[in-house]
Amino acid sequence: MMTLPNLLNEQAAEILAYKAVSSEQVKKFEPQAAKNADCSMFELMTRAGEAGFEVLKTHWPKVTKIAVVTGNGNNAGDAYILARLALQSGMQVCVFCENIERELLADAGLAQREWVAAGGESKNFSCIDFSDFEIIVDGILGTGVEGEVKQSFQLLIEKINQTAMPRLSLDLPSGMHANTGIPMPICVHADITVSFIAPKLGLLTGIGKELCGRIELTDLAIGKAFYQLVNVDSQVVNWSLLNPIKSRPVNGNKGSFGKVLCIGGNQGMPGAIRLSAESALRAGTGLVKVYCHQSSGLHVASGRPEIMLQYQDLEAALNWCTCVVIGPGLGQDQWAVQKLDHVLRYLTTDPKSLVVDADALNLLADKKDKTNLYNIFSKLPACILTPHPGEAARLLKVQIKDIENNRYLASENISKMYGGTCVLKGAGTLIQTAETQNKNQCSWVCNGGNPGMATAGMGDLLTGIISAFLAQGMPEQQAAIYAVCAHAEAGDRVARQYGQRGMIASDLLTPLRAIINGL
Ligand SMILES: NC(=O)C1=CN([C@@H]2O[C@H](COP(=O)(O)OP(=O)(O)OC[C@H]3O[C@@H](n4cnc5c(N)ncnc54)[C@H](OP(=O)(O)O)[C@@H]3O)[C@@H](O)[C@H]2O)[C@@H](O)CC1
Ligand SMILES: Nc1ncnc2c1ncn2[C@@H]1O[C@H](COP(=O)(O)OP(=O)(O)O)[C@@H](O)[C@H]1O
Ligand SMILES: [K+]
C-alpha cells in the first residue's frame with residue numbers, strides 16, 4: 001500500500017507508534033522480526049510483561065493490590081510476567097485463570113511456571129472477588145481471539161466491566177477484534193491499553209477508540225525490524241505530525257488561491273452552506289461563492305459580506321470556479337436533484353475538483369448507475385466524499401452498524417464504488433483512497449478531534465476546509481488529510497480552552513485560521 005510519507009514531518013515519519021497494522025500482520029511477521037532483532041519469543045513476552053508493569057506503575061503509582069486476569073494463550077503469558085514482577089516488587093497480587101490445573105503451552109507455560117516458582121497465588125475465575133484489589137490487569141485475550149468470545153469469558157468480562165476499578169489491558173482489551181475494534185460481542189472497557197509492537201487498526205477508530213482508553217505503545221525493541229518486513233496498513237496522523245503548509249508567494253493575488261463554489265442552502269436550510277463557505281474563506285480560499293436557493297441568500301451572506309451569492313445560472317457559476325462543493329443544506333427535493341444532475345453533467349465534460357457532502361451523498365446513494373458516477377468522479381482532478389456513518393450506510397446500501405463494524409472496509413468500499421477519496425467521519429476519522437488506474441491506495445486515520453465536535457454543522461465546516469485546500473492546489477489525498485487534521489486540531493484547541501460540551505461549529509473558525517498559518 002502506498003502512503004504519503006512526504007506529508008509527515010521528519011520526526012513523525014520515525015514514530016512507529018503511528019503505523020497501524022492488522023493482527024494478521026503482527027502474527028505473520030512478529031517471529032521473524034524478533035529473530036532479526038536477536039530476541040527470542042520468550043524474551044519478547046518478558047519485555048511485554050515488563051512494559052505492562054511499567055505502565056501500571058507510571059499511571060497508578062499508589063496501587064499495591066493487583067488482580068491479574070488471564071486466559072490460556074500468549075496474552076496470558078504477558079500477564080504472568082507482569083504478575084511476577086509486581087509480586088517481586090512487594091505488591092499483593094493474585095492471578096485469576098479459567099482452570100488452575102491447566103498448564104499453558106510453550107512460552108506462556110514458561111511464564112506461568114515462573115509465576116508459580118516465585119510463590120504466586122492463582123485462583124479460578126469461579127472464585128473471583130475483586131473487592132480486595134485496586135486494579136485489574138486484563139490478560140485474557142489478545143490478538144489470538146477467534147470468533148465470538150466463549151460464554152464463560154463473556155460473563156467474566158461483564159464482571160470486570162461492572163467494577164469501578166481501573167482496568168489495564170495488555171495488547172488489546174480482551175474480546176475486542178484487533179482489526180475493527182468491535183467487541184465480540186463484549187470486551188473489556190479499558191482505561192489504558194498497552195499495545196505491543198505496533199498499534200492494531202481497531203484501537204484507532206469508532207467504538208474501539210473508546211473501549212481501549214488511552215493507548216500506550218511499546219515496540220518491545222523490535223519495531224524497526226518489524227517495520228522492515230511489513231507494509232503499514234494505515235498511518236495515524238494529526239496536525240502536529242504534518243509538514244507545515246508552504247507560505248504564500250509574496251506576489252499572490254486572490255485569483256492565485258482558488259475560487260470555491262459552494263452549492264447547497266435550499267429553502268429553509270441556509271446554515272450549513274454558510275458554514276462551509278466561511279470555513280473555505282478562513283482556510284485561505286481566494287474567492288468563495290455560494291449558489292443557493294434565493295430564499296436562503298440573506299441568511300447565507302448576512303454579516304459575512306466576503307461571501308458572494310448566486311441564485312441562477314449554475315452553468316456560469318461552474319465556469320467561474322476552480323473547485324466545487326455540493327451538499328450542505330442541499331435537501332433532496334426537485335431543486336436539489338436538478339442542481340446535482342447539472343453538476344454531474346458539467347463535470348463529465350469539464351472536470352474540476354469536487355467535494356461531495358451531506359444531501360448530495362444521499363442523492364448519489366439513490367442513483368442506480370454507480371459505474372457512471374465512478375467514471376465521472378475518477379476522472380476529476382480531485383474528488384472527495386465526506387460521509388458520516390449514516391451517509392456511508394446509504395452510499396453502500398447497508399446498515400449503520402455494518403459501517404461501524406468495519407470502518408476501514410466501509411471507507412475503502414465507498415472509495416472503490418464511487419472513485420474518489422472517502423473521508424469517513426467520526427471518532428478516528430478515516431481517509432481512504434482505493435487503488436484505481438490513476439490513484440494509489442492510501443489509508444490514514446486521524447487521532448485528533450473529540451466528542452465535543454459531535455454537534456450540528458461541524459461536518460459542513462470540514463467540507464469547506466477540504467475545498468479550500470484543493471482550491472489552493474493541494475492534491476486530493478493531501479487536501480483530505482490536511483483538512484481532517486486541521487479541523488480536528490481546531491476542535492481540540494477549543495475543547496482545551498472551554499471544554500467539550502457546548503462547542504459549536506463556528507467556534508472553530510478562529511483557531512482554524514491560526515492552525516493553518518502554523519500558529
Ligand atoms: N511470545 C509471543 O508470542 C508474544 C505474544 N504476545 C502476546 O500474545 C498475544 C497473542 O497470543 P496468542 O496468539 O496465543 O493469542 P491470545 O490472544 O492469548 O488468545 C489465544 C487463546 O485464547 C483462547 N481463545 C481464542 N478464541 C477464543 C474465544 N472466542 N473465546 C474464548 N477464548 C478464546 C484460546 O484458548 P483455548 O481455546 O485454548 O482455551 C487461546 O489459547 C498478543 O496479543 C500479545 O499479548 C506479545 O507479548 C509478544 C510476545
Ligand atoms: N467523537 C468524536 N471524536 C472526534 N471527532 C468527532 C466526534 N464526533 C464528531 N466528530 C467530528 O465532527 C464532524 C461531524 O460531522 P457531521 O456528522 O457531518 O456533522 P454535520 O452534518 O452536522 O455537519 C466530523 O468531522 C466528525 O469527525
Ligand atoms: K488483553
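Positions of Cβ are set from backbone N, Cα and C atoms, glycine also.
Just so you know, TrEMBL annotations are computer predictions that nobody has curated.
Quick look at what TrEMBL lists:
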type: BINDING; residues: N75, D138, S174; note: K(+) binding site
type: BINDING; residues: G142, T143, G144, V145, E146, G147, E148, D171, A272, G329, H388, D460; note: (6S)-NADPHX binding site
type: BINDING; residues: K425, G426, A427, G428, T429, G459; note: AMP binding site
type: DOMAIN; residues: 26-228; note: domain 'YjeF N-terminal'
type: DOMAIN; residues: 237-519; note: domain 'YjeF C-terminal'
With neighbours defined as other CB atoms within 10 A, the best-packed of the binding-site residues H388, K425 is K425
For T429 (AMP binding site): DSSP state (helix, strand, coil)
coil
Averaged over the domain 'YjeF C-terminal' (237-519), what pLDDT does the prediction give?
97
Counting Cβ neighbours within 10 Å across all chains shown, tell me which of the binding-site residues A272, A427 comes out on top.
A272
Looking at the binding-site residues G142, G144, which one has the fewest other Cβ atoms within 10 Å of its own Cβ?
G144
Using only C-alpha positions, which one of N75, D138, S174, G426, A427 is spatially nearest E146 ((6S)-NADPHX binding site)? These are the binding-site residues in the record.
S174
To the nearest whole angstrom, what is the C-alpha distance linking D138 (K(+) binding site) and G144 ((6S)-NADPHX binding site)?
14
Filter the binding-site residues G144, E146, K425, G426, G459 down to those with CB closer than 6 A to an atom of ligand 2; keep them in sequence order.
K425, G426, G459
Listed in sequence order, the residues of the same chain lying six or more positions from E148 ((6S)-NADPHX binding site) whose CB sits under 8 Å from its CB are M184, P185
